[in-house]
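Under the heading active site, proton donor, TrEMBL lists Glu298. Sequence annotations record features per position, and here TrEMBL assigns active site, proton acceptor to Glu495. Per TrEMBL, substrate binding site is recorded for Asp166, His206, Asp214, Lys410, His415, Thr457, Asn496, Ala497, Arg530.
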Amino acid sequence: MALHLSHQIGTLCGTPVVSETAAAAGGDQSSAAAVSTAALRKPQTTGAPNLRCRIQRASGQGELDSVSPPMSPCRSPALAATRPDLSVACQALVADVDPATADEKVVREYLGGGGEGGAVKGKGVPVYVMLPLDTVRPGGGLNRRKAMNASLMALKSAGVEGVMVDVWWGLVERERPGEYEWGGYDDLMEMARRIGLKVQAVMSFHQCGGNVGDSCTIPLPQWVLEEMDKDPDLAYTDQWGRRNYEYVSLGCDKLPVLKGRTPIQCYADFMRAFRDHFRHLLGSTIVEIQVGMGPAGELRYPSYPELDGTWKFPGIGAFQCYDKYMLSGLKAAALEAGKPEWGHGGPTDAGGYNNWPEDTTFFRHDGGWNGPYGEFFLSWYSQMLLEHGERILSSATSVFDSTGVKISVKVAGIHWHYGTRSHAPELTAGYYNTRFHDGYLPIARMLGRHGAVFNFTCVEMRDGEQPGEACCRPEGLVKQVAAAAKEAGVALAGENALPRYDEMAHEQIVNTATAEEGGQEKMAAFTYLRMGPELFQPDNWRQFVAFVKKMAEGREGVGPCRELVEREAERSVHATRPLVQEAAVALMSG
């Protein structure tokens, strides 16, 4: 039985889990120690599904079907290491059995120090937890429904404020334009309401599959892909003619290219349909709408795609402005600037996806990025991204006006080569941020005009954990973004970029999110990546519960009261035992 369940956990995470005998023979598989970014990004060689990516060359030389490398690793210790009193959510996540026969009244008796969930208002930072990417299955319905119920009750018992879930465009409006299927999301929202968890709903207008941590594949709606087949320039394109189908190119935002509607109209109609369907939960259960604006839901270009093995950390990426719609905009901008020769494409000396800045003429220390042409091109490229965000935010704020929900936007934490002068990976992603130019203040001001929350990643990272030769500076990057948010008067929220369960990562998050030193304000919320079997392993769960308590206590949780907070967290872990033991019995008898 243990072998079969271990295999199921491995299937869920995208990597096989060894049985007890295999673990004994093959070494430790359950280390929760901090690992470097490079190590986390190292591709697997076995056990993960392969995804296909079509590459179409601009020269018309045909299409290639390329099999991608396996997904990023997700380590899962052997199930035998899981204690019965902490096994409810871990085991339930891989088997559709009912671990939760306790009613709501009983669940609430096990609540942690957050009271009705999360931090005391005005004191700490509320914690949300990201749900699995495949929470809702194609065609409607909730994946692992009974397991999800047990897991959400366990999170509630730990004092978590709520959960974040991707509302996939490719699932809800899958078959035909204007026809929306909310079935699985109905079940989830009602479950969260009953348990007492709040929900951050992500309007996910991108493809799932091809980015770090993507464990499943959810393409864009079928009817959208049909239009992209007819007109491949609806996809972002690089200078070598590679097409990227993760997200519709912002170059055609205002053109009726999707069966008579513009992409912006499609996004607005989707959000309006969501609002009308879940109106009764907006402002109470559903408290935040995060608006997807690009690949991985982030406001950026798909400059570092992993799907077809094109990019590997810490490459600088590549500009994505070679579809005919983007080139048309560039040509017009060059003519307006009186430099028509600048309108034929991006810089030709910017290297390739896996180059480093000093490998290229454009990005090197004294390269063209800091010259007249570089300033023109980077200003245009980043402005196009800002205008894209402005258009979607205008629609979102109009749709959700007076509903009581917050609007947020996610910005990528591109920390590699941040220590160089050019900041090349940020530039290719659309953030005009160099040693001499602040690329995040314009984004913050754009969000401020719409009252949106600035959601930023890589909050868990320390400079010393990263490969030194890649000039990674995540701590400096987070500080710059926090300063930009403060100057623009917008709320800042955070996420961890990679799965981390260790105390060092938790302490970094607490210190950053709750900081009110040097004029820096604490974060409005923090969303933890991600709920899954590994989170509910005994040591990880204990660390996580303590982390939630510290976030709830704010600065007090990391000061003299730390020992008290940890004792309280241990009591909260103990309080989950009746719930998880009941689930374990249900699993064994199911």
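Backbone N, Cα and C atoms are what each Cβ position is placed from, and that goes for glycine too.
Annotation for the recorded positions Asp166, Asp214, Glu495: lowest Cβ count within 10 Å of the residue's own Cβ, Asp214. Look at the binding-site residues His415, Arg530 and count other Cβ atoms within 10 Å of each Cβ; Arg530 has the fewest. Non-local neighbourhood of Asn496 (substrate binding site): Thr457, Cys458, Val459, Glu460, Ala505, Ile509, Tyr528, Leu529, each in the same chain, at least six residues away, with C-beta under 8 Å from its C-beta. Using a 10 Å radius centred on the Cβ of Glu298 (active site, proton donor) and all shown protein chains, the other Cβ atoms total 24.
Between the CA atoms of Asp166 (substrate binding site) and Glu298 (active site, proton donor) there is a gap of 13 Å, rounded to the nearest whole number. The separation of the residue listed as 'active site, proton acceptor' from Arg530 (substrate binding site), Cα to Cα, is 10 Å. A straight line from the CA of Glu298 (active site, proton donor) to the CA of Glu495 (active site, proton acceptor) spans 12 Å. Rounded to a whole value, the Cα-Cα separation of Asp214 (substrate binding site) and the residue listed as 'active site, proton acceptor' is 16 Å.
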